[in-house]
Structure formats: C-alpha cells, structure tokens
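Annotated features in TrEMBL:
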TRANSMEM  153-173  transmembrane segment
TRANSMEM  185-205  transmembrane segment
TRANSMEM  211-230  transmembrane segment
TRANSMEM  265-286  transmembrane segment
TRANSMEM  292-313  transmembrane segment
TRANSMEM  352-373  transmembrane segment
TRANSMEM  416-435  transmembrane segment
TRANSMEM  441-462  transmembrane segment
TRANSMEM  478-505  transmembrane segment
DOMAIN    551-655  domain 'STAS'
Amino acid sequence: KRSSAPVNTNKKKNRMGSLANESFNIELQQLDASTDTARNQRTQWLLTSPNPPSFFHQLISSVKKNVDKTKKQSRNGVFFSFLKGLFPILSWGRNYKGTKFKHDVMAGLTLASLCIPQSIGYANLAKLDPQYGLYTSVVPPLIYAVMGSSREIAIGPVAVVSLLISALVSKIIDPAVDHIAYRNLVFTATFFTGAFQAVFGLFRLGFLVDFLSHAAIVGFMGGAAIVIGLQQLKGLLGINHFSTKTDVVSVLEAVYKSLHNEPWFPLNFVLGCSFLIFILMTRFIGKRNKKLFWLPAIAPLLSVVLSTLIVYLTKADQHGVKIVKHFKGGINPSSLHQLQFNSPHIGEIAKIGLICAIVALTEAIAVGRSFASMKGYHLDGNKEMVAMGCMNLVGSLTSCYTATGSFSRTAVNFSAGCETVVSNIVMAITVLISLELLTKLLYYTPLAILASIIISALPGLIDISEAFHIWKVDKTDFIICIAAFLGVLFGSVEIGLIIAVGISFGKIIHGTIRPSVELQGRLPGTDTFCDITQFPVATETQGILIIRVNNASLCFANANFIRRRILSTMTSRSEEQSKGKIRILVLDMSSVMSIDTSGIVALEELHRELVSQGIQLAIANPRWKVINKLKVAKFVDELGKGWIFLSVGDAVDACLNTKMGDLSTINC
C-alpha cells in the first residue's frame, strides 16, 4: 500500500500535464484560427475595395468642382478673382505702405546703378546696339511688376540668354553683314520666346522646364560662363575681327590670328583689367562687410563714368581705345513692323525661341524660388511663366530682346532691402530717365569696360563647390554636369543643351526599362521586411523567396525585363541555398503604382513558369489601380484569391502555416 501511493501521484501529475498541453494546443489553434481569420479579412478588404476613379471621372469631377466654385461667386466676384490671379499687384497693392516704398526706392536706385552698365554690356554680347539692352530693362520689368508674384526678382537682360541669342541667330544671319535683318530676327525670336512661355503657364506645362536637371544647369551655366568670358576678349583686347563661333578652339584661334596678323592696342587691355580689378575688389569688400552692400552694386556704374571721363580727357580713342560711339536714346520705339513672320527662316527662329524660353524660365524660376524660400512664401511656377511670357511678348513689340530674372541683380535687390516688385518699377523709371538724358554722355565709354563688367559677373555662374557636391552624391548626375559643360565649351550652346537633356532622358529611360529587384528578409524581432543587401542582419525564410520590384510602373517597356530578372534571381538564389527548395515566391508590389496589359501578361507568364517548376506565386501589397486591373484581367482568379495578401508579413505567415508539401491548403 505504501508503494502504490507514489504511483497514483505520478499518474495524476501526468494526467494534469497532458490536460495542460491539450489546453495549450487548443489555445494555439484558436490563436492561429483567429490570426487566419484576421488575415483573410484583410485580404477581403483588398479584393473588395471599390474601383479607382477613371481619368474621365476625375476630369468631370474637376470641372464640376470649378463650376460649383464659380456658381457660389457673383459675376463681379469671379471677374475680380480672375484679375487678382492675373495681376497680383491688385492683391498686395491695397496694403502697400509708405515704409515699404522707402525701402523699394533705395533698392530700385541701387539696382539701376548695376543694371545700366550690365544692360549695355549684355546688348553688346547679344550683338545689338547698346540702347537695346537699356530698352530691355524698361518695359519687361514694368510688365512683370503688375503680373509677377516674386517680390525680389530683378528683371532684365542676362548673360546666358544674350549668348544664346547671339550664338543661334548669328547662324542664320551674320550681324556684321546685315545688322538690321539680324536685329529683326532677334525681336521675332523674342516674340516666340514670350509666346512659348505664356502657353507653358496657361496649360500648366511647367514640367517641361524640369527637363533641364539641376546637374545639367550647373554644367551648362559653367560652360556658358567660360564661353561668355572668352567672347569678351574682343572688347578687352580691342580686336576688330572675331569668330562668329562660340567654342573654345575657334575663339582662341581667332584671338591668336588677330594678335599676330592685325595691330592691337594694349591700352584697351590695361584699361579693362584695371577696372575689372577695381570691381572685384569692391565685391570682396562688400562680402566682408555687409553694410557696404551698395559698394559692389555701384562699382560698375562708377567704372563706366570714370573710364568715360578718362577717355574723353586724354583723347584715348585717338590712340586705339575702342569706344561705344553711336548710342541712340529716347523711349522704346515700336518694333511691331520689324517682326519677320514671313521670313523663310521662321521655323529656325521658332526653335530658337523655344530654347530661349526654357533656359530663361529655368533661370528665373530657380532664382525666384530660392529667394522666396528665404522670405517664407511660395512662388507659383505657372503664374510666373504667364508673367514672363507676357513681358517678353510686349517686349518684342517695343524693341526689347529676351528678358528674365538675373541672379546677380536679384541678390543686390534683396541685399538692398526691397519689399516688393516696386523696386523693379523704380529701376525701370531710372533707366528710362537715363535713356532720355544721359545717352550722349556715354559716347566715349570704352568697350573694354563693358567687357570687364560682364567678366566680373561670370564667377557667380561657375559653381565649382556644387559640381563637387554632385560628384559626391550622384556620379551619373556628375556625368550629365560634365557633359553639358564640355558640350558648351567645345561644341556650342545648342550642343551643350542637347547633350544635357539627352543624357538626362537616357537616365530616366534606363531607370524605367531596366529597374532593379531586391531580395527581402525579416529584421530579427520585427515584422519588417527589407533588402538583405542593405541590411545583412535580415533573415530569409526557408522555402520562401521574397522579391520586391523597385519601379513605379510595370509596363510594356520593362515587363519582360522584370520577369527575366525575377527568374534569374530566383535561379541564382536556389543554387546558393544548400538547405531546402524554394516552394513559394512572394512578389512585393508595394512600389508598383500602375500596370498595363503588357505587365499583366508578364505576370501570367511568370505564374505559368513557376507552376511548371512546382513553385507557387504569391502577390503582396498590390496598389489600388494594380489590384483593380488584375481583377478585371481575371489574373486574381487564375492565381487564386488566397494568394493575394495585404502585406509581405501576411504572405509569409500564411505560407508558414501551410504544409509545405500541400500548397493548396491555403483558402483559395
């Protein structure tokens, strides 16, 4: 009897232990069942989601929304709202105060002191008479003041656009042969520039400006700056005959021949370099002492005044110093009758207008947005395009060539404390007064001074630190930057632009047609799945391969490539894995925003190839438009609804709960 007691006790303990195990197993089964139910419910949410709105439905909704908004307003309210949108000055002009006007007047006068000599120099760069540069600093700023939304941007001629015009229009008509015909074509190109810019803004085609990437702009501006500097050797050295080409080799060859075959006068070089050093010194002082910001702003005008006095008093023009001589003053004359719409070169002129429109908009919007961000307000790119287009359209009718926002003058305007675009109005009025009263005094202005003023503005266009930053961040972008730089330097401005845009497009196309796929694993202790190459600690699940497609679109351009890439990745991974065979492929489509019929066909082919190898395909996290098209194409029925999951985690958990030998146990 004593010996039987322990035996009974052990039996009771075993019975209690088995009961505990049974209850634990029941709880696990219940937990698994609840987990499966929740997972199936999430899949149903995905499969029963409403259809996304079609393009026509979105278009009709947008029109209806605008119509409803219009109905809520009276006719006068709608008209006034339209006017305020077209002319922003009607909005901020109501609250304009005298304190702001004081700051704008000071900024405008400071801006004019820099604008007058620069405009004369840029007209010379564009191979036009000096007065056309000043004309371009009168009408376009006035138009922009009532239509533009940037408070700081300074409007007028700029170096890069002036170079573009002279380089491209000179290929059609040589200004040395027929200066009047050349000038008329420049006005016509300006008209097309304004027309393209206005159309871009009205039809919200601002994305066209983005075709010039940041890297391409950095390279293009750097190359253009060097080309502009080389072009100024004609005025700086007092050379009579010069190359019409803009590439480095042609310009240096022209300089060499002129210096050896023609007499030249060193006084031009001495005078130009002396005042170039003076301008650069004032700029250095202005950077060191912010209170003296006005000193580098007035240095170009001071250089023009002093050099003109020196030439006049010393009769230096009789000793070889080249001077401006003819300088027509007065208010902008009409140029409507000078537009050449019947010219046999109208197609080429329209192309030049398009190129100038894109380059001018790129520079202006970049300048405007950078200074707007400093002041904490947003700049509407489409409204800016309309304003730029209108000012160039009106400018082409009033003897102006293409104007845009200047970075150097905008920086001066900002430093001078401008509050609104009234500073542009003050600048334009000051330039107009100069045209009426002071043009005769500029007869003896040496061309070497104009060249030195342009050269002094070029360092701001060459951004070596930004090019180095591009090299560190993205090597492909650096190639685009260097290609644009070398294209402008050794080809032409047009070739540089084509190369930059071409390589940028090539980068986009290559990324679209040859996207990458990545193997994913689970981070330990989490439900997060990520790239096993980026995170080596991520672990793969035996028998399950998870691949994510890294592209926003699965379309005709890349569908077959992605299918082959998935199969090759799976094959190479099977050879690397020594344990077990891949039984399930989970395709993470979280990055795929859209799919077309070619993409669906590629998925169907992938599914059939996997089935022939005894591998089941599962799709995780398909986006709204993607799952809708897969349902319409009956691919969901072909694959099985049980193999569509809301997340990669759901797909892996479902596969782990399935007997690997019987894949059909997942509810289909």
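The count begins at 1 with the first shown residue.
Note that Cβ sites are derived from N, Cα and C of the backbone, with glycine treated the same way.
Broken down by DSSP into helix, strand and coil, the domain 'STAS' (551-655) contains 59 helix, 16 strand, 30 coil.
Nonlocal intrachain contacts for the transmembrane segment (265-286), taken as residues 6+ away from its ends with a CB within less than 8 angstroms of a stretch CB, comprise 235-238, 292-297, 299-300, 303, 306-307, 310-311, 316, 319-322, 446-449, 451-453, 455-456. The stretch from 185-205, 211-230, 352-373 that makes the most Cβ contacts under 8 Å with the transmembrane segment (478-505) is 211-230. Taking pairs at least six residues apart, the transmembrane segment (211-230) and the transmembrane segment (416-435) share fewer than three Cβ pairs below 8 Å and do not count as touching. It is 292-313 that, among the stretches 185-205, 292-313, 352-373, 441-462, forms the most Cβ pairs under 8 Å with the transmembrane segment (416-435).
When each of the listed stretches 185-205, 292-313, 441-462 is scored by C-beta pairs under 8 angstroms to the transmembrane segment (352-373), 185-205 comes out highest. Cβ atoms under 8 Å from those of the transmembrane segment (292-313) belong to residues 110-111, 113-114, 116-118, 120, 271, 275, 278-279, 282-283, 285-286, 321, 323, 412, 415-416, 441-442, 444-446, 448-449, 452-453, 456 of the same chain, restricted to positions at least 6 beyond its ends.
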